[in-house]
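Trainee: Relevant sequence annotations retrieved from TrEMBL are reproduced here:
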| type | residues | note |
| --- | --- | --- |
| DOMAIN | 7-186 | domain 'Formyl transferase N-terminal' |
| BINDING | GLY16, SER17, ASN18 | N(1)-(5-phospho-beta-D-ribosyl)glycinamide binding site |
| BINDING | ARG70, MET95, ARG96, ILE97, LEU98, ASN112 | (6R)-10-formyltetrahydrofolate binding site |
| ACT_SITE | HIS114 | active site, proton donor |
| SITE | ASP150 | site 'Raises pKa of active site His' |
Amino acid sequence: MTSPKTKTAIFISGRGSNMVALVEASKAADFPADFALVVSNDPTAAGLEWAASQGIDTLAVDHKTYGKDREAHERAIDAELRARGIEFICLAGYMRILTPWLVEQWSGKMINIHPSLLPKYKGLHTHERAIEAGDAEGGCSIHWVSPGVDDGDVIAQARVPILDGDTPDALAARVLKEEHKLYAATVRQILTKK
Ligand code: GRF
C-alpha cells in the first residue's frame, strides 16, 4: 500500500529546533507529512546529526563548493529531491537566500518560518528590531516562499508580548516556543487539505 502522507524535506542550516518539533509532531499516526529528508547547506549543522539519529535521510550540499553559483548549488539539491520523490519543502532556519529558479521549481510547495510578525522585520535581527521599535508584540510567521526574501503570502502567525526590559535573546526564546507549535500545526493544516 502506498503511503497517503506527503513526502517532505526539511531544510536547515544550524541547530534545527523547528525540525525537531516537526519530526516529533509527525510521529502522530494521522500527521499528513512524512519527513523523509533533512537537507543542509552546512555539513556541520548540528541538526543533521539529530535527524540521522532518528533514522531520517540527511543530505549536506556545501554551498562553498559552488562558489558564487547559487543556482548550481540549488540544482544539485533539487536533483536529489526529485530522485527521492520529495513533494513538499519546509524551510526551517535555512540561512541561504534562494534563487528565483528554485523558488519557481517549488512554487506552492515550499513554506518558511520567519521569527517576526510579517510584513514587519524581514531579514535578520528581527527581535532586536522589534524591541528597538518599541513594539508591544513580537511573534513568528509561516509563509509561502516567493522570490522576495521573507515576502510570500502569510499562512499563519503566533504572537507573544514584548515585556519591559526584554532582551533579543529572551524574546527569541519566547517566540521560538511558539514557532515549534505553529510550524507543526500549519503543516498539518496545509497538507491535510491537499
Ligand atoms: C528560527 O527562529 C526560524 O524562525 C528562523 O531561524 C531560526 C531557526 O532556528 N528562520 P532552529 O534552527 O529551528 O532552532
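Note that Cβ sites are derived from N, Cα and C of the backbone, with glycine treated the same way.
Annotations in TrEMBL come from automatic prediction, not curation.
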Trainee: Report the nearest neighbour of HIS114 (active site, proton donor) in space among the recorded positions GLY16, ARG70, ARG96, ILE97, ASP150, comparing Cα positions.
Mentor: ASP150
Trainee: Quick check: with GLY16, SER17, ASN18 left out, which same-chain residues have Cβ atoms within 8 Å of the centroid of the N(1)-(5-phospho-beta-D-ribosyl)glycinamide site Cβ atoms?
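Mentor: Leaving out the recorded residues gives ILE12, GLY14, ARG15, MET19, VAL20, ALA21, LEU22, GLY47, ALA92, GLY93, HIS180.
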Trainee: So which of the binding-site residues GLY16, SER17, ASN18, ASN112 sit close to ligand 1, that is, with a CB under 6 Å from an atom of it?
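Mentor: The binding-site residues passing the 6 Å Cβ test are GLY16, SER17, ASN18.
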Trainee: To which of the recorded positions ARG70, HIS114 does the lowest count of other Cβ atoms within 10 Å belong?
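Mentor: Counting other Cβ atoms within 10 Å of each of the recorded positions ARG70, HIS114, the minimum falls on ARG70.
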Trainee: CA-CA, which of the recorded positions SER17, ASN18, ASP150 lies nearest ILE97 ((6R)-10-formyltetrahydrofolate binding site)?
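Mentor: Comparing Cα positions, the closest of these recorded positions turns out to be ASP150.
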Trainee: Between MET95 ((6R)-10-formyltetrahydrofolate binding site) and GLY16 (N(1)-(5-phospho-beta-D-ribosyl)glycinamide binding site), what is the CA-CA distance rounded to a whole number of Å?
Mentor: 12
Trainee: How many other Cβ atoms are found within 10 Å of the Cβ atom of SER17 (N(1)-(5-phospho-beta-D-ribosyl)glycinamide binding site), counting all protein chains shown?
Mentor: 18
Trainee: Pop the Cα-Cα gap between ASP150 (site 'Raises pKa of active site His') and ARG70 ((6R)-10-formyltetrahydrofolate binding site) into the table, whole Å please.
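Mentor: That separation, Cα to Cα, works out to 18 Å.
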